[in-house]
């Protein structure tokens, strides 16, 4: 999975890069980065796992930290970031003061800041359901990222893997998923982010827009009130003259 994450990261070939390994654990992903000739820094919340990494004498630098409290690095420090099987834990409220939405946004916003302007971040994760995927991706897009989810081997129970691919340098096509027989198995969220920008600050449709009028008419129908049928002229802009 680390090799696949590194492949999706699309780092320059034959050029050492500086990579952040989030939830590095005992440094297994770091070993893959070493083999590719990259330098890396690992962050993990478990001191026991970091002790194992030190015993293994990994090449990367190790930092004890909670990803939900943000990434404590200078702007533009890293060329890319990877994470294996860690992101889903931010959706849990393990302590009474934990708020998953706030922790996700804090993490993604500080990660965005410490990546170079052409950098990517790739997360292999295990979502519990589609709502969790939506929660994670919405906070990533809110923090300024583009991208979406790539699902390798979507028709296999055992081999199916989710990768969240985030980009800082603008909206670009997502990588092709493995095991899809030519059919795309990627979900881009950039268009949704652009749509949200056209809406109000709370995600509501702009007043008097076509979308706002259609939503209002639908509410009236649910209330059992007489409402005119929708047509191609619904919500159109009028010129103000005849």
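Glycine too: its Cβ is placed from the backbone N, Cα and C atoms.
Marked as domain 'Methyltransferase' by TrEMBL: 19-94. The average pLDDT the prediction assigns to the domain 'Methyltransferase' (19-94) is 93.
Look at TrEMBL and you will find 166-239 tagged as domain '18S rRNA (guanine(1575)-N(7))-methyltransferase Bud23 C-terminal'.
Sequence annotations record features per position, and here TrEMBL assigns region 'Disordered' to 175-242.
According to TrEMBL, the compositional bias 'Basic and acidic residues' annotation covers 208-217.
Same-chain residues lying 6+ beyond the ends of the compositional bias 'Basic and acidic residues' (208-217) with a Cβ under 8 Å from its Cβ atoms: 227-228, 230, 234-236.
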